[in-house]
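Noted in TrEMBL for the protein shown:
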type     : residues                                                      : note
BINDING  : Arg11, His12, Gly13, Glu14, Ser15, Glu16, Gly17, Asn18, Arg79 : substrate binding site
ACT_SITE : His12                                                         : active site, tele-phosphohistidine intermediate
ACT_SITE : Glu109                                                        : active site, proton donor/acceptor
Amino acid sequence: MPLPKYILLVRHGESEGNCNKSVNRYTPNHKVCLTEQGHQQAKQAGIVLRDFLNSISPPQGKSGRNPKSVLFYTSPYLRARQTCQDIISGIKDVEGVEYRVSEEARMREQDFGNFQSTPEEMDQIWEQRAHYGHFFYRIPHGESAADVYDRIASFNETLFRKFSQESFPNVLVLVTHGIWARVFLMKWFRWSYEEFESLRNIPHCQYLVMKQQADGKYCLKTPLKTWDDLPEADVDEELRKEITQEVKFNTQGKIEHTDDLDIASILRAQKEAIKESRTKDQEIKQAYMESMNKFSEYLQDNQSVLNSTDDLQMDSGSSSS
């Protein structure tokens, strides 16, 4: 199976929704476009990809695959399409580069629903999500990250069918969204939902590089930022940035009704959830390890019985023939 040597995930560039928090009053989420800064970020990502492709060494021996061949999959959201186009502008005239583009609806952003709620109700939703957990909490009239996971599982099945094609390119680039990229990695590397929830968001137009190893498996080469990486003194500020942006965007620009006390209440809930989650993670992992140890001891203690059962089955098969 000609797996791609590299799989690159990249989040779209800065969008108007990241800057003008009232844009969602009149623009559907899938039609939110890039800012000028977002276009510049995407074009720079194109230059980075160009240099990356030029650095790839030709394969040893005979190989019919162009090492600079690229397949782009992009989310259908406008900001992702524009990002993909700007990235391509950096590689399209490079000698030896071959590329194809395919749009994939399953790569769309997590659906946050059509928010018509009051700011007070929205504050309650974010507090509930903080306590319930970001992965499993389903936004009213929208999706949970677990729903995104199901979409990605289906998408991955399609990918592996594509991998069986001899002409599959050497580099796969997935132009998508922050949550989607993190859930994709969670699914691919079989991370727990606790590990997913420990991750901070990905900067705009940063590549997450997965490289195929000698055994055929992939290794994530790009370090991801987690909440555990932050000093305790910096957690408040980083949470405030993420929460303020999220509340502003997803209340259709009604942030003027959400004061610092509202933000503070969500911030407290989120901090408590992180602390509680860490404690639960440790307890769950400890219980799991104790269970696995007991199971291993059971297997060792009963190995002779299991061997006898195998011998009995073999004897039975011989006698029936």
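Easy rule for this one: first residue shown is 1, then count along the chain.
Even glycines carry a Cβ here, placed using N, Cα and C.
Features per TrEMBL, on structure.
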{"residue": "Arg11", "record": "substrate binding site", "Cβ within 10 Å": "27"}
{"residue": "His12", "record": "active site, tele-phosphohistidine intermediate", "Cβ within 10 Å": "30"}
{"residue": "Gly13", "record": "substrate binding site", "Cβ within 10 Å": "28"}
{"residue": "Ser15", "record": "substrate binding site", "Cβ within 10 Å": "25"}
{"residue": "Gly17", "record": "substrate binding site", "Cβ within 10 Å": "21"}
{"residue": "Arg79", "record": "substrate binding site", "Cβ within 10 Å": "29"}
{"residue": "Glu109", "record": "active site, proton donor/acceptor", "Cβ within 10 Å": "21"}
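Distance from the CA of Glu109 (active site, proton donor/acceptor) to the CA of Arg11 (substrate binding site) is 11 Å. Cα to Cα, Gly17 (substrate binding site) and the residue listed as 'active site, proton donor/acceptor' are separated by 13 Å. Taking every pair among Arg11, His12, Gly13, Glu14, Ser15, Glu16, Gly17, Asn18, Arg79, the residues recorded as binding substrate, the greatest CA to CA distance is 15 Å.
Take the mean position of the Cβ atoms of Arg11, His12, Gly13, Glu14, Ser15, Glu16, Gly17, Asn18, Arg79, the recorded substrate site; other residues of that chain with a Cβ within 8 Å of it are Val32, Leu34, Thr35, Gly38, Thr83, His204. The secondary structure of Gly17 (substrate binding site), as reduced to three states from DSSP, is helical. Taking the C-alpha positions, the distance from the residue listed as 'active site, proton donor/acceptor' to Arg79 (substrate binding site) comes to 11 Å.
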